[in-house]
Amino acid sequence: MTKKIVLLLVLYSSSMVCPKPHRAKRQSCEYEIKPQDDGKSCCPCAPGQYQESPCSKNENDTNCQYCVPGKTYNSHANILKSCEPCTSCNPNVNLVEVNKCTIYQNTVCQCQEGFFCVDGRESCSSCHPCNICGDEGIEVPCTATNDTKCSDVKEHGGLGRILLVLIPVVVCILVCIAVFFYLWKKKDCFETSTNPVNPTQRPPEVELQLLPKGLDLQPHIYDIAEKLGWLDMKQVAERSGMSDTNIQSHQINYPNNCQEQCISLLKAWVEREGLRNSSEKLIKILFDMKKKAKAENILEILNRGNGVSGGNIRTETPEIQ
């Protein structure tokens with residue numbers, strides 16, 4: 001009897017010293033609750049993560065996974081099904097890397113020395129050469145976010161030098177105009193009525209607009225994407241050698257939104273091809289795809305944005321490489 005009492009006392013004392021472990025409750029959600037596609041509300045994943053699967057039992061048990069360091073990121077709390085791909089600082093558009101991509105933020109790119117960002121931002125997609133000032137001197141030097149600003153011409157000699165350059169140019173222009181009108185009038189005098197010309201007709205070999213090289217597509221991304229459409233933009237990317245994985249990532253990031261998919265893929269394609277080649281290559285690929293109408297619409301956007309008259313005509317079809 002005494003042994004039983006001692007044994008009971010030992011068991012009771014051990015239970016008081018070593019209580020049974022219990023499962024800690026999950027902390028409350030630190031972010032704004034996001035509604036899912038199925039109508040269920042779940043706590044979003046933290047920055048640097050993506051949602052592998054939504055919550056099931058309660059709003060706080062969302063299954064989140066980390067992005068891949070150096071390859072993908074998410075900078076905000078989210079319910080995305082994948083992380084955003086890291087941007088590369090393409091030297092073809094005169095960019096250098098300032099900050100590497102982490103799972104929490106995208107790569108930060110900056111213009112190389114001697115170049116500036118057209119948008120005037122620290123993180124840029126394409127850069128242009130800085131302006132070079134002459135004898136007037138520099139008022140504001142070129143930086144990664146702004147072009148060189150030259151001083152105003154204040155010296156009397158500076159105005160004289162400008163006039164010496166402008167006067168011959170103006171004279172040459174006037175002479176060219178006079179010669180043009182002379183030849184035009186002469187042609188009208190010798191033109192006969194036996195072979196009338198319909199002014200609305202033009203030979204098929206001169207029906208394509210002139211495409212200068214090196215036009216910057218960045219300011220016209222949204223207008224071009226609207227004309228292209230997702231399916232044709234996808235085919236352009238495939239013909240340029242972009243991987244299926246890269247192309248599909250733009251579909252995943254913007255589900256059920258073809259316009260945003262097209263804009264995102266077009267931006268990535270322009271960055272990949274480089275500032276000097278993207279405009280001409282886009283038009284050549286569209287002609288190769290037999291998308292003549294879309295090519296001409298995009299040419300009109302580029303010509304209008306760069307101050308080129310719509311009457312400029314190419315005398316031969318562009319070669320398809």
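Note that Cβ sites are derived from N, Cα and C of the backbone, with glycine treated the same way.
Some features that TrEMBL has for this protein:
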SIGNAL    1-19  signal peptide
DOMAIN    66-109  domain 'TNFR-Cys'
REPEAT    66-109  repeat 'TNFR-Cys'
DOMAIN    110-150  domain 'TNFR-Cys'
REPEAT    110-150  repeat 'TNFR-Cys'
TRANSMEM  162-184  transmembrane segment
DOMAIN    232-302  domain 'Death'
The repeat 'TNFR-Cys' (110-150) resolves under DSSP into 0 helix, 13 strand, 28 coil
Model confidence for the domain 'Death' (232-302), as mean pLDDT, reads 89
